[in-house]
Every structure is written in structure tokens, then in C-alpha cells.
């Protein structure tokens, strides 16, 4: 057996590695070459041998090391279950260790779970010490999915240029919303049913695409389909990886991510002609500042925003493709989840639609929203924040992957490699903070804003210790202003043009996932009926 291993596997690998060394190939490239050799040059006996050796190795590792798991030295109690999610772990941890941090361990991840009292300390920890991007990168196999690999240039572009452009782009985005609904929902003289999850994804993907890649590509069905399925393929791959034994995961991960990679290749093919044109325009323009001014009759110059921040060496077509894929990915599932739950609540509270219609009538002129961040829509803002409070996309907030050790005032020592989070549901459902916390109250935050001195607080987009959905501090969600604007434009179009309803009113069956996030109930059907607008 050892002779077969040496002659069939080890020796060919060493020869190939030495031969290819001058080419400076990556491990992945070497792995692909070895795979071809193994499949096309070896006999069936060798392939079977490799599979058996992998299985034997896994079994032996489980027998010898399976019960010798070591945990970092953090000085915290440990709560471990065989669950694939964290809901039961958090409940047990809070019962055993109320108001203190503990390490929660499920079948895949180890999180240090902090109470909300640690909010201010955690939010001030700098990114070089503990990073939310690295947290997302680790939890979503970022080296394959690209999640969590956003450059600082991309983040700054979203935070600054994109956010500043939003007021002037409101009329354009209203037109994008109308085109999107005409295409996806259409005129519904009678009630027409739609799957709420997939419809929410498609609406947000199409409207956002018109902003980022322009209306021509945004109206391209292939592009919209690729954006819609991008998070679904990543979710599919990550789920399979999480269910795979550790020893086999590196071998099977490329196979699991193949659909996601093919989807990315399709997106790159669609993007390249547009990016080639825009990069050439940027290179040939002497006064590049003129290219950075959004014009109402043109697409948003998002490519030029990015190019103005990158150095010439870093501003490659490859980097821009990655940026566009990342911004399409990150802006779609979270906003679609918020729309999903807002429509679910709207269908159960039809009186809310009439309240929002009256409010819209006071700010709209000839059907047009004002060129602002739409902060005038206080009732709609309160509705969206209340829905976001009851239906977060994840039960955790201030998620951080620790890169450098730190210690908090509670005495917990957090070493590198640990993931730290705060339980957001402790805030969202707290009876000490909210009256009737489990009930939907569309005017909850509107009433709070009406109190003297509170007008700049309790907005949907606000980051604070009682608004955990966006995070807080320097690592708060950079796209929250864009997402809020998108949702208000979409909700305005819906309440002015449609009535929505549910045939079956039942509690949502949101699925808790292994990394603490929630997957919306994909069985909900919602019905649209066009209003008789005079």
C-alpha cells in the first residue's frame, strides 16, 4: 500500500511541483494539474485507492482526535450543543450565564456571544483588531464566494459618492421602480399570486442593477437572473461545506462552488464590454472631475467613482469586475429580506398602506418624490424600522473576526481567530426597551421621533445600541442609506399602485442558519391587485 501511495501519488506530485516551480503557479493551479493527471493518467485502482485513503483518514482522525477539541484561552464559560444553529445555544447560555459573555458552539462555528451591555466597547474596537468583513469572509468561504473581500476603495465609494448621489437620483430610481414593476408584477385587475421571496429578490436585483450597471444591463434578463441567483448559489455551496467533514471539505469545496463560479463568469462576460468603454473614457479624459458628477439623463458613473479612488496599478478590469459582483451580491439579499418582511407585514396591516398613502400625498408633486434622502416619510420610515426590528436578517450584530488579541472590561480575553458577536435579539425583543416587544406597531418609532429632541433619532437608518440591524461605529453597514432609499421608493410605488394581501395568514417559518443568520420563509405567496388610480 505504501509503495502504491509513493509511486502513484507522492512521486508524480513532486515531479509536477518541481517542473512547474518556475511558473510560480498557485496551489489551486497545481491542484488542477494533479487532478487531470489523476483522472486521465491513472488507472481505476489508483482513484479508488485515493478515495478509500481519504475515508480511512477521516475515520482515524475522528477516533483519535475527535474528542480532543481545544478551545482558545478566553476565560469564558462554554455552551455547546449538536444544533446546526445558535437559537437554542443562546437561550441556554442566557439561562446559565445571564448578562455575561460565553462561548457558544454549534456543529460548525464557535462564537463568543456578548450581552448588549458590551455594545459600546465592542463597537469601538478598530478594524485592524476585529473585522466584520473578515467575519463575513470566514462564514461564507470568501476565498471562493468573494464575500468579505471588499476593498477599502469600494467601501469608501459606497459610503461617500453613492450616498451623496442618492437625492438627485430619486426621479431616475422612481422610473427604474416603475419599469421593474411593469415587468415583474404588471397590471393586475384581479388578485395575482407571486412567491414573495423570489419576487422580492427579483425586484431589488433589477432596481439596484439599474443604479450600479445602468439601465441597459439592468434590463438584461441574464444579468438580473445572475444577480438573483448569486446569493442562492453561495448559500447552497456554504451549506454543503458546513455539512461536510473537515477532512473532506478542501477536496469538495471546488465542486460545491462550481455553480457560483459559473454564475460569476457569466456576470464577468456581461460586464466586460461596459467596463472596457468606461475605463477607456476615464483614461482619455483630462479633467476627470467632470466624469464624477452624476447627470440626471445618464447612468450613475459608478465605474468612474471607483477608478478615481484606485491607483493606476490597482484599477484593473479584474478588480472592477470583482467590485461589481460584490456590490451586487451585498446589496441584494439583505434589502430583499427587508422588503420581503415589510410586504408580509403590510399584507396583514392594510390600514398601514392608507396611512402611507396620505403621507406620500403631502410630499409628492405630480407623482414625483422629492429629491432628498426621503427623511420626510416619517410614517413609512417607522413602518420599515419596526419590520426590521421584528424580522432581522441575523440574530447577531457587531459580528467580528478577531485578528489581534483584546480584553474587555468584563475580563474576557479574546485571542486571534475567535469570532465575537452581540445578541441582537436581546435588544430587538427586550421588554425593558420596547413596550409589547413581540407586537408589530407601525408608529412605534414615529411616536418616539415626535418627542421633543428626538427628531434626529429613531430613524430606520440610525445606528445605535437600540438599533442593531445596521451594526454601529466605523464598521456599520456602508450601504444602509442606499438600501433605505431603495426600500422607500419601492414601498411608495407599491402602496400607490397596488393592494397586497395573503390568502394564508400564518407565522413565518424563517430558518435559522449555522452562522446565526435567518433564511426567509420561501413558501409564502403574496397577492397583488392594481388600484384604480385616478
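Even glycines carry a Cβ here, placed using N, Cα and C.
Straight from Swiss-Prot, the features:
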{"type": "TRANSMEM", "residues": "46-66", "note": "transmembrane segment"}
{"type": "CARBOHYD", "residues": "220", "note": "N-linked glycosylation site"}
{"type": "BINDING", "residues": "477", "note": "heme binding site"}
{"type": "CARBOHYD", "residues": "515", "note": "N-linked glycosylation site"}
Candidate with sparsest Cβ neighbourhood (10 Å radius) among 220, 515, the listed glycosylation sites: 220
Nonlocal residues around the residue listed as 'heme binding site', in sequence order (Cβ under 8 Å, 6 or more apart): 470, 471, 483
Cα-to-Cα gap, residue 220 (N-linked glycosylation site) vs residue 515 (N-linked glycosylation site), nearest whole Å: 33
